[in-house]
Amino acid sequence: MPEIRFDGLTASFAGKQVVGPLSLHIRDGEHVALVGKSGAGKSTLIRLMYQHAEQQASLIPQDLGLVNALPVFHNVFMGQLHEHSLWYNTWTLLRPFKTDRKAIAALLGQLGMEEKQWTPAASLSGGQRQRVAIGRALYRQAPLLLADEPISALDGLLAHQVMEHLVEQFPTSVVALHDVDMALKYCDRIVGIKDGLVALDAPAAELTPADIMTLY
Amino acid sequence: MLAYPTVRTSLIFLAIAIGGLLVADIAITTANPWQDLGQFFLGVATPNFFSTEGLATALLRTVAFAFVGVTLGSVFGFLLSLAYRWLPVRLFCAFIRAIHELFWALIFLQFFGFHPLTGVLAIAIPYAGIFAKVYSEIFEEADPEPGRLLPPGTNRAVAFLYAKVPDCWVQLRTYTAYRLECGLRSSAILGFVGLPTLGFYLESSFSMGMYSDAGAMLILFYVLIATMPLWVRPKLLPVFILAAPFFLGEGMPIVWGNVERFFTEDIVPAPLREGEGLAGLLPWLGDVMANEALPGIWNTVVLTQIALVATGILSLLAFPLISRHFGGPVRRTSGHVLLVIARSTPEYILAYILLQLWGPSMLPAVVALALHNGGIIGHLIGRQSSTIHLRPDAPRGFVRYSWELVPRLYRPFLAFLFYRWEIIMRETAILGILGIYTLGFYVDSSIQELRFDRAMLLILITALLNIGVDTLGRYIRRRLALQTLPTC
């Protein structure tokens, strides 16, 4: 896994400092939840980690980054474009191969949307779009997951299934979450961000929801 | 009112145009202009579709030249758009699109002669420059996020195919289809310099006073453009594109000696060719500038400014014709027909007809440019006005027009108008070929006198003038924070 170690990191946007100075070290095998108010700097921190990891990570950004005109299949397949040759990828754009079709159908099945494989991303609902981005991240099979509110548009049961699946599939993960119970349940380390600084950093086992609420 | 920068800018342009009118040569010089116009309309009303078989061939050639030219233009434009971030490519594209199709045709005629290649290149070259610019703008506007999320090591071509092209596809297709329509107009007017398209037959029918033949040609041309959605089908496109090169006609064979002579002798400035060296070049340049370039530039600018304001006034008057906020379906349908006719008739053909009827002056050119461009902008803002929702108790009639609609549409209207500024200037220059003293007139006369060195210099000056106006138009649009769409 690409190591993520920030020492005194700062980031500015339009002349205003939004993150840091901040020191954070993500260890191999950890599942870290980033919590905090919106605008605290979580999204910026996820972006910085992605850059720091030299893109050797599966990223689920908040705006998902789907190609709206392409069907779900191709949006997921984009996670592994680097694995194939130019002609293979170009051909897949026109007519996908059977092995890929099967693999992606199975993956979509786990996310509960197998029947949507050939629907263009533009005509999906918010929750379905979010699952396509999750599917792409899973298909990418990077050792590290960086996700920014990946389950915000999913309802109860599905949100739990997806979260469970994500921490199972990725050996290491950093997930920004606004749902405190989810964070405590699926992550083993909670990092609270307030005004661009680390305001809380503790194992999930030692925290209660009330401890986290102080950040808000 | 004067506090609004848009109003101030408009008034400045209005003042310039009025000043232009005072110095411009605006007159009707023929003895019976209205009688001629009446005869022409009578001809359109009694079209003769069967006088010659030339008509069908001309129509076929017009379509063939348009397809081959636009296809080549879009392929090369696409390739250029990939390198558009590179400044030399941008300058190159700005240069080739600043030269009008007819000027390109005049250049190629001198060494390829009446070979199909002349017509094809005359369309393909300027169109490649335009396609490169618009395609690159479309790509730039696409969401960059999917591309950023691709795994490192993804082939750049693959990244482009997956993360850019699909989301831009609809826009690329719409714009290319729109350009095909423009290509049909360009192809038609290439006939005026002797290529076997509609313009050639229109000119010969007109010069023989056969208005019914000319009318038939115009009607067929409108039908051809109006029915494009019916016959330009995605499935049929490959057939058209593959077949088109076979319907360009034979033309005349290329004499390669002419090509060589053109580049090594004809376009070399006369003093250099005759061994007078740089000492002779300055007086030569001074002569061209004083007697041809400067008068040409002056007339082109004056005419452009008058035509620009006339276009603006006409579009503001015309848009209620198709706006859903005025009148019933009958008036809107007839409004649509009127605007379709105005914008599908190339300004060159309009100017040609009006010149025949009214005699040579700037007036036919102004009216032609205003009708064509006013038709386009009137259509665009009329369509936009129909998307505006007025409150139920909104005023009616002229108050609705002046208080509710014009204030809301004025910014997009100005954006379109300044976008078309450069297009109007390019057309103004070219209308000189018809005998108005704009730059095209001097280019055409130099070519007639076989002084290609002067012609090339004048075309170069025209191109620079267009680039200048384009830059100024963009500057004004930015200053006034006006947004434009590429399809206009």
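Glycine is treated like the rest: Cβ placed from N, Cα and C.
Per TrEMBL, the listed range annotated as transmembrane segment is B:423-443 (candidates: B:150-170, B:402-422, B:423-443). In TrEMBL, the transmembrane segment annotation falls on B:361-381 of the listed ranges B:109-129, B:172-192, B:361-381. Here the transmembrane segment (B:54-79) has long-range neighbours at 116, 119-132, 134-135, 176, 179-180, 183-184, 186-188, 190-191, 195-198, 200-201, 213, 216-217, 220-221, 224, 240-241, 244-249, meaning same-chain residues at least 6 beyond its ends whose C-beta is under 8 angstroms from one of its own. Sequence-remote contacts of a segment are chain residues at least 6 beyond its ends whose Cβ falls under 8 Å from one of its Cβ atoms, and for the transmembrane segment (B:239-256) they are 57, 60-61, 63-65, 67-68, 71, 112-120, 196, 232. Three or more CB pairs closer than 8 A are found between the transmembrane segment (B:214-232) and the transmembrane segment (B:334-355), so contact between the two stretches is assigned (pairs 6 or more residues apart). No contact links the transmembrane segment (B:455-473) to the transmembrane segment (B:334-355), because fewer than 3 Cβ pairs that are 6 or more residues apart lie under 8 A.
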